[in-house]
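Below is one structure, written out as structure tokens; the observations come after it.
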Amino acid sequence: MGKTNSALLVVCFSALFISAAQASWFWNDFYAFFGQNNVKFPGPKVGRTVVLSMTNQTGSGFRSYSPYLFGRFSIKIKTMKGYSAGTVTAFHMASNSKNWCELDYEFLGNVTGQPYNLQTNIFVEGIGNREQRINLWFDPSAAYHEYTFLWNQKQVLFLVDTIVIRVFKNQQGLPYLDYQPMFVYGSEWNGDDWATRGGLDKINWAYAPFEASFTAFNIHNSCKVKNPLSLNQLHTCYRKARISTYGQGVNLSLNKKQINDLRWIRQKYLTYDYCIDKARFAGKVPPECRQNWP
Ligand SMILES: *[C@@H]1O[C@H](CO)[C@@H](O)[C@H](O)[C@H]1NC(C)=O
Ligand SMILES: *[C@@H]1O[C@H](CO)[C@@H](O)[C@H](O)[C@H]1NC(C)=O
Ligand SMILES: *[C@@H]1O[C@H](CO)[C@@H](O)[C@H](O)[C@H]1NC(C)=O
């Protein structure tokens, strides 16, 4: 192995273990990438929490410096109270290649007194159209709750606190989120042409600024990729991910509790599922839907 390769290996190796640090400072891994003036760091522990706000001028967002391949990514989020119709508060991951991969959490705001919807979506090879929406069993504006992506070579889990709300499995013959390291993002933006009751309820700027708070940034057992164009580096990360706790054993498939979680969500909280929206797909549901729910 050449000099460059072993250097890269060291980078990935250390990233894998360093990333076990709990609840890091915002600026260790992230920077404000749009609406900088609307990105705030309230005290007393400046840098533990970031508040993204949207004014009539602009929304705002942060992004990780590096992309990551596999791992566990979680952030605690508290959305805004009161009138939030038309606003979208998002925590997502995405690669930046032409046929990109993406995993989304999107809190769709509502008029005062009506509940948020939590929309999730998955893009593989540049194609999304995999929306699911749920009501939450709590008010996401009342307190922080943890939202997690757990991504390994076999499945992606979406967790709200300890509850699995969605799974996307790596199924033979179907595209999967593979070999494309993804950046981690948080954002606050105007989605009032679609977000609330399909765009009927608009943003009311009298309630601006709209602010959501993010804290407890955790990236675990993940491989930070310095150069996503280096195949060597990706292979190394892939190998490291496979031997991490997330890439092995029970974490490769759903356990009993997770199966029960998903059944509970589907029965009680699901408000939209692309897999049962036959009209949208000319009568044929997408092939991955067979394994979307246990
Ligand atoms: C935007 O909001 C500011 C502060 O509330 C206000 O002064 C200004 O008139 C608004 N601009 C527009 C175009 O609505
Ligand atoms: C907002 O509230 C209405 C009325 O309860 C509900 O139909 C809708 O699903 C809620 N959420 C969104 C994002 O529209
Ligand atoms: C699954 O991942 C969690 C989090 O790292 C870990 O605690 C657990 O041991 C893993 N399970 C297996 C069987 O690897």
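Note: Cβ is positioned from N, Cα and C throughout, glycine not excepted.
Going by TrEMBL, these are the annotated features:
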ACT_SITE  Glu102  active site, nucleophile
ACT_SITE  Glu106  active site, nucleophile
ACT_SITE  Glu106  active site, proton donor
DOMAIN    11-214  domain 'GH16'
CARBOHYD  Asn110  N-linked glycosylation site
SIGNAL    1-23  signal peptide
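In this structure the C-alpha atoms belonging to Asn110 (N-linked glycosylation site) and Glu102 (active site, nucleophile) are separated by 25 Å.
For the recorded site, Glu106 (active site, nucleophile), the DSSP three-state label reads strand. Sequence-distant neighbours of Glu102 (active site, nucleophile): residues of the same chain at least 6 apart with a C-beta under 8 Å from its C-beta are His92, Met93, Ala94, Ser95, Asn121, Ile122, Phe123, Gly128, Met182. Per-residue pLDDT, averaged over the domain 'GH16' (11-214), rounds to 93. Taking Cβ-Cβ distances under 8 Å and a sequence separation of 6 or more, the neighbours of Glu106 (active site, nucleophile) in its chain are Val88, Thr89, Ala90, His92, Leu118, Gln119, Thr120, Asn121, Gly191, Ala195. Of all Cβ atoms in the shown protein chains, 21 besides its own fall within 10 Å of the Cβ of Asn110 (N-linked glycosylation site).
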